[in-house]
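Undergrad: Residues or ranges marked as domain 'Ion transport' in TrEMBL: 4-270. TrEMBL lists 7-27, 39-57, 197-222, 242-268 with the feature transmembrane segment.
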Amino acid sequence: WYVAWTHFILIWAIYSSFFTPLEFGFFRGLPENLFLLDIAGQLAFLFDIVIHFFLAYRHTHSHHLVYDRRLIALRYLKSRFIVDFLGCLPWDAIYKVCGRKEPIRYMLWIRLSRALRVTEFFEKLEKDIRINYLFIRIVKLIVVEYYCTHAAGCIFYYLATTVPPSKEGYTWIGSLQMGEYRYSNFREIDLWKRYILSLYFSVVTMQVEVALYDLGFSILLVDRVLSLAGYGDIHAVNVREMIFVMIYVSFDMILGAYLLGNMAALIVKGSKTERFRDKMADLIKYMNRNNLDKQISKEIKGHLRLQYDCSYTEATALQDIPASIRTKVILSSFITFPTS
């Protein structure tokens, strides 16, 4: 039942991770009936909080499952309870009750902690040898890139829509003109078009930064950077937008390094997960060929997963220690001397 619940709450985690930036940036133009979907999601996460107070966990040192309700509750209260509980609060209602003070709406970003469930889901898929590893990694990189540009695009629109209507012309979208069309009254434009514009600004800005990051590999990319279609049409206008663009461009340097490093790792094929998948595939072939009992096969798979999950096994932890000290460790671990 809990496995079924994790799949159910994963759907809400994906929705919440992508909808939170949209709710933050486009809250003045979203359809009013979306609040019902938001309430349903918050109720699901409230129920998930209750489940975590009864969910056994594996001890970090002994690797034994802990079923004590008191220890389970203490561990959860000390770890993620506060973040999970704050993420379930109706911040839009609190924002309206407190006189529409903008800093209160920043608390919506706490809900992005739910994106950890999505990353855990991808990690499980990477270990699943039934699914192509290259396909999963590429999908993960695409999701990461789109999510970063999606969140940045929502923030770009937030910076424009929080400016007084009389100063809309001093924003990146209010000063935008494409052909004969001007976006001076951008709040009246269709929501989908506003989102596409914001996402376009975010994607093009990231493309420029990634291309500049590649500049060390090829000086010819300068011309491509300067000639990116449309980049000269959209740019930061006021000080707030300039500050955020500088922060976003600095973050894109890290994101570009992450994406390029992962793509290089996929070509080299030497990651720990790939070695685990290859070894697991060989073991499964061996067990199927020899018709091993299901219980034995399960124990073998569990042992291999334990070796993968643990950064150090007993053998690898002692291999760098001198032989004389290693002998003392083994003697103290397995021999009990009588006390006087």
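Backbone N, Cα and C atoms are what each Cβ position is placed from, and that goes for glycine too.
Annotations in TrEMBL come from automatic prediction, not curation.
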Undergrad: For the transmembrane segment (7-27), find every same-chain residue at least 6 residues outside the stretch whose CB is under 8 Å from a CB in it, and list them.
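TA: Distant Cβ neighbours of the transmembrane segment (7-27) are 37-38, 41, 44-45, 48, 92, 105, 108-109, 111-112, 114-115, 117-118, 121, 147, 150-151, 153-158, 161, 191, 194-195, 198.
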Undergrad: In this predicted model, what is the average pLDDT of the domain 'Ion transport' (4-270)?
TA: 83
